Amino acid sequence: MSEAEQVPASAPEAASAVILDALNATDSNGTEALNATAKFVATPEGTALAYGSLVFMALLPIFFGALRSVTCSKSKNSADMPETITSRDAARFPIIASCTLFGLYLFFKVFSQEYINLLLSVYFFVLGVLALSHTMSPLMSRIFPVSLPNKQYQLLFTQGSGESKEEIVNYEFDTKNLVCLLISSVVGVWYLLKKHWIANNLFGLAFALNGVELLHLNNVSTGCILLGGLFVYDVFWVFGTNVMVTVAKSFEAPIKLVFPQDLLEKGLEANNFAMLGLGDIVIPGIFIALLLRFDVSLKKNSRTYFYSSFLAYIFGLGLTIFVMHTFKHAQPALLYLVPACVGFPVVVALFKGELTEMFRYEESPPEEAGTKEDSSASDKKDQ
């Protein structure tokens, strides 16, 4: 949603729904300040800077998350294996998201908003630290000084003994991971104590990048079902009721990207924000990432579908902001993003004569892919 899309981030389906429900909002024009009682009218410069920054921040997790999703799809490490979304999951996701959104709406109406947000802050502090740590780990591997020892550690928690011993937790990490965790914890404490918009954005970018990297659609048809369902969901809850906007403005969690429109006047203490929900980044992002993996599967050394869908996303997001700013009203961003992100690649596929091939593309889970490779290798060896 465009205006103040703040939805709970995703984990399993329920957690995803919580972040996806408010994740669809982008502040209309900053005339309503979150932390101020007086009306604020943004300057043209402040508005341009805010929305330009939001667009740039939205593109980062999609681009890098899609690149990392290619590596992730080939990973044999259980900790890095993606969560595959099937057509059944895609079909029921809008229903789960709707129930979660309405449940949050009732929760905020019945219970004290202060206590609810306190619990949510602690919950997202833990999730944010882990997400930011995972996001930083590839960069840390490159800049970690060679002179420092990189020791290996293992956290093992078992149940029972002897032959009946069962592993509950088996987590392997090293010194680099500990450094990432320490840095992420500092950001987490900063967010928990100050709720500063920069700390919020660091966590939001980490959530979005992890979502694009680790949530995989198994084929293009599933992507169309998911985007189509959330298209209807977003339009209904934004235009049909005030539920989405109410939850978005009440929900204090790093499930959106924000940028102050009064930054030029107040500096880092600015507090009149334009917002973009993470759902408007993650949902189109996982579809764009799927098209990148499809490009890779064609083995043509081209990224036609990835770049066409990426440009389509920029167009759709720009159109959302334009309409929102023109009509001064929250907009369901997926109303513009879904037709663009699906339509552009389909037109390209029709032009290239690869539409059937694109919809036949099926992505196997990492375990199955590994099994198929092993079996084909053994067949060749037998021959």
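Just so it is clear, glycine is given a Cβ too, placed from its N, Cα and C backbone atoms.
Annotated region 'Disordered' per TrEMBL: 362-383, in sequence order.
Among the features that TrEMBL reports, transmembrane segment is placed at 48-70 (among others).
The feature transmembrane segment is assigned by TrEMBL to 90-108 (among others).
Taken from TrEMBL, the feature transmembrane segment applies to 114-132 (among others).
Feature annotation from TrEMBL assigns transmembrane segment to 199-217 (among others). Outside the transmembrane segment (199-217), and at least 6 residues removed from its termini, the chain residues within Cβ reach (under 8 Å) are 9-10, 16, 19, 57-58, 60-62, 64-66, 68-69, 72-73, 82-85, 90, 124, 127-128, 131-132, 134-135, 187-188, 190-191, 223, 226, 254-259, 278, 281-282, 285-290, 293, 363.
The feature transmembrane segment is assigned by TrEMBL to 224-248 (among others).
What TrEMBL records for 273-292 (among others) is transmembrane segment.
Feature annotation from TrEMBL assigns transmembrane segment to 304-327 (among others).
Residues or ranges marked as transmembrane segment in TrEMBL: 333-351 (among others).
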* To do: May I ask you to check whether the transmembrane segment (48-70) and the transmembrane segment (333-351) make contact, with contact taken as at least three Cβ pairs under 8 Å and only pairs 6 or more apart in sequence counted?
  => no
